[in-house]
Amino acid sequence: MTQISERILVQAHLAGQQARQLTPAQEAQLRGEIAAELGRQDAVLVAHYYTDPVIQALAEETGGCVADSLEMARFGRDHPAQTLLVAGVRFMGETAKILSPEKRILMPTLEATCSLDLGCPVDEFSAFCDQHPERTVVVYANTSAAVKARADWVVTSSCAVEIVESLMDNGEKIIWAPDKHLGRYVQRETGADMLLWDGACIVHEEFKSKHLADLKALHPEAAVLVHPESPEAVVELADAVGSTSQLIKAAQTMPNPLFIVATDRGIFYKMQQLCPDKRFIEAPTAGSGATCRSCAHCPWMAMNTLDSTLQSLRTGSNEIFVEPALIPRAIKPLQRMLDFTQQARLSHAGNA
Ligand code: SF4
């Protein structure tokens, strides 16, 4: 699914990164320069949980945010800064631009993409939708602006089950794209009638149920936390399944002293910060013989570095543009998601 050229690009980037190991003094200097530049340019850093811990810490120190893709979108839209520096992968920058077309959206790199986005080209997806005109089109946030513009709803993993449940209650049948594992999980949770696109995340697909079962047996005191982009056999071994935010919440509320975590290891930064007395270990992957370096870390998220963050701010390069004609169409399904989740929050608060 992932193009060879994309892999070569990522590998070249990662090789360059290995060559540039920062000393603590260099790192502190870069952080200081980025913080000053953010202030000078009325900019705010919005980072995903899967980025390097140093980027997450910098976002927190400078008044930005570290969050899942839903909260990144909401934070960027509501923040008064005129420049959003989005550390994550390309669809996150595009989402920020769609929701805030008047703002300047920069990214540390424009080359950081996502296997789910790559695996769902708009022409093929549109043709698939055209074959099933009676179905409501629900796409995951990990898609291009053009695919979002073809959709009725955008969802993230933190609200997918609730949104699909409510569509099912309205008697709607669904086309789901692009992640087949998350789609299958949502289908199982809701019982909805869903046609699934055949996409997958190259990181989560590497988690192996057999090795996970062995590790769980070795640590009976541990709870297993699994992101639903993982294969079904891995999800079945979970003590808690959920989005990044939901897994962080589970780590805080579950009493276990140890957690085996099946999602990108970038999330350990926030988990450890919120649960300093607990331990977190990576769920096993296939190891070095597998695809995608099989390492529980997204190669595209790893392309966000302090160097590229500063470079982007200084030069104004890596600005995200979205075709203007797409914006009014792409904003509708995104806005539906934001309205739905806002409403759900209000009613939870009301019931509390
Ligand atoms: S971890 Fe997977 S879903 Fe997330 S950006 Fe990377 S490839 Fe895409």
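Cβ atoms here come from the backbone N, Cα and C positions, even for glycine.
Predicted, not measured: the structure shown is a model, and the values here were computed from it.
Reduced to three states, the DSSP call for ASN142 (iminosuccinate binding site) is coil. Marked as iminosuccinate binding site by TrEMBL: HIS48, SER69, TYR140, ALA141, ASN142, SER157, HIS227, PRO228, GLU229, THR244.
What TrEMBL lists as [4Fe-4S] cluster binding site is CYS114, CYS201, CYS298. Reduced to three states, the DSSP call for CYS114 ([4Fe-4S] cluster binding site) is coil. Within the same chain, residues at least six positions away from CYS114 ([4Fe-4S] cluster binding site) with a Cβ under 8 Å of its Cβ are VAL89, ARG90, PHE91, ASN142, CYS201, CYS298, TRP300.
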Listed binding-site residues adjacent to ligand 1, that is, members of HIS48, CYS114, CYS201 whose C-beta is under 6 A away: CYS114, CYS201
Largest inter-residue Cα distance among HIS48, SER69, TYR140, ALA141, ASN142, SER157, HIS227, PRO228, GLU229, THR244 [record-listed iminosuccinate binders, Å]: 17
Protein Cβ atoms within 10 Å of ASN142 (iminosuccinate binding site), excluding its own: 30
